[in-house]
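Below is one structure; the comments refer to it alone.
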Amino acid sequence: MASELAMSSSDLPTSPLAMEYVNDFDLMKFEVKKEPVEPDRSISQCSRLIAGGSLSSTPMSTPCSSVPPSPSFSAPSPGSGSEQKAHLEDFYWMTGYQQQLNPEALGFSPEDAVEALISSSHQLQSFDGYARGQQFGSAAGAGGAMAGEEMGSAAAVVSAVIAAAAAQNGAPHHHHHHHHHHPAGHHHHHAAPGAQSNGASAGHPGHMHLDERFSDEQLVNMSVRELNRQLRGVSKEEVIRLKQKRRTLKNRGYAQSCRYKRVQQRHVLEGEKTQLMQQVDHLKQEISRLVRERDAYKEKYEKLISSGFRENGSSSDNNPSSPEFFM
């Protein structure tokens, strides 16, 4: 079939009308007769592809069935344009092999292609060498510019897939380094509580020193200005703690003072109450005494009146000047 497609330079149309006629002609009406594939070359090709693992697991497309028949490398007939025929055969081979390089034609994702390429690195190396050889061979001829472009795009696809596979292979190493760094981080985290405990234990002597430096009485009696002057150079936490302690002590002193004042006032009031009750009792006694005196004086008065009336009645006849005489 490749030999039938290979045309000599004299058979190629040159006029625009002929080219337009060829373009308008429907070539799909004709059946293309396929030549039988050489058994030894197809078997070697299949064995080479299967050795590294199948590129696709779908039953609709297999490496052996999708590989086009290899070109015939028979000796060119004299006078038929051997150089251009070789270029046309190479172009036909590369356009057919493009199905293997296109992942969409095979029906799998780029991730599947990367996994397949990782599992078959040897196959990729051999195919890369073969593609480069075909690219150099097609670029050597004068009429192989189109084949060189197709092969260049194929080589670009292969190199891109190889780079993706290398990047994916390098990813586990990166994670491995992260796993190596994690234990160190854990050690740091485990060491941090110890450092905090050491800092806390180191802070306790500071607490004891400040507590010994300022007694409760000094904190209560010391003014705020003097306390701030004494606490220069001390950490903020210690200053807050001491001021809170001073406030607590002063509040406690205020509460005790108020309680004492209330007790004292209660005692005073109770004493005054007792004194007043004593005065009331004394006044009651005075009242009773005065009542007795009054009664005595009244009785005496009544006696005097009665005795005086009798005396006046006996002497009224002899005394005409008395009031009863004129009546």
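Backbone N, Cα and C atoms are what each Cβ position is placed from, and that goes for glycine too.
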When you get a sec, could you say which of 115-136, 269-290 is annotated region 'Leucine-zipper' by Swiss-Prot? 269-290
For the domain 'bZIP' (241-304), what does DSSP give as the number of helix, strand and coil residues? 64 helix, 0 strand, 0 coil
